[in-house]
Amino acid sequence: MTSQIKLIVGLGNPGPEYAKTRHNAGAWYVEQLARWHNVSLREEPKFFGHTARIQVDGQDVRLLIPNTYMNLSGKAVAALARFYQIEPEAMLVAHDELDLPPGIAKFKQGGGHGGHNGLKDIIARMGNNNNFFRLRLGIGHPGTKELVAGFVLTKAPSSEQSLIDAALDESLRATDILFKQDMTKAMNRLHSFKAEKV
């Protein structure tokens, strides 16, 4: 396998009241990735989340959606990464991104947490190692910092949700390129995509 990714994490909050909120964009991606590969996510208490395993060119890639609240995401990630001896450089973490508009998604390696509590906890629990890959799923920004908490915990209007969904679809295609070729080609594909309003 050309890709070195061995763990893909989708961030979100647990429970039906959060399932359709913007903050769960990362979890949506992993749910769709599991469907794409015809596997079911199942609860695994020792990893504090729902997990699945897919095979890419004979190599296992683990999928994880933490069952913890967003600000404790690192608990699940660290537990699974330690158990399977997966280094941060072999992890891809999908999360909602305020600094990108709906309809845009981008891969990135390393960097800070940008105020995202899920990323913040993962970095802390991975020994302050931030060198994992991220899939940043644009949800847009409400305009001021004070509005962010309410914004991420509400549903996007259908006009924005359709753009987010289109970017999720393209992210799945880019992930396929990542598996079959490499991150550079996957980035080139994804970073040239912009969903258009219907």
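In case you wondered, yes, glycine gets a Cβ from its N, Cα and C as well.
Counting only residues at least six positions away in the same chain, the Cβ atoms of T21, H23, N24, Y69, M70, L153 sit under 8 Å from the Cβ of N13 (site 'Discriminates between blocked and unblocked aminoacyl-tRNA'). Sequence annotations record features per position, and here Swiss-Prot assigns site 'Discriminates between blocked and unblocked aminoacyl-tRNA' to N13.
The tRNA binding site annotation in Swiss-Prot covers Y18, Y69, N71, N117 and is backed by sequence analysis. Under the three-state DSSP scheme, Y69 (tRNA binding site) falls in the coil class.
Taken residue by residue with DSSP, H23 (active site, proton acceptor) is part of a helix. Per Swiss-Prot, the feature active site, proton acceptor maps to H23; the stated evidence is sequence analysis.
Taken from Swiss-Prot, the feature site 'Stabilizes the basic form of H active site to accept a proton' covers D96. Taking all protein chains in view, 26 other C-beta atoms sit within 10 angstroms of the C-beta of D96 (site 'Stabilizes the basic form of H active site to accept a proton'). DSSP assigns D96 (site 'Stabilizes the basic form of H active site to accept a proton') to a strand.
In terms of Cα distance, none of the binding-site residues chosen from Y18, N71, N117 sits within 10 Å of D96 (site 'Stabilizes the basic form of H active site to accept a proton'). Here the binding-site residues are N71, N117, and the one whose Cβ sees the fewest other Cβ atoms within 10 Å is N71. In this entry, tRNA is bound by Y18, Y69, N71, N117, whose most widely separated C-alpha atoms sit 16 angstrom apart.
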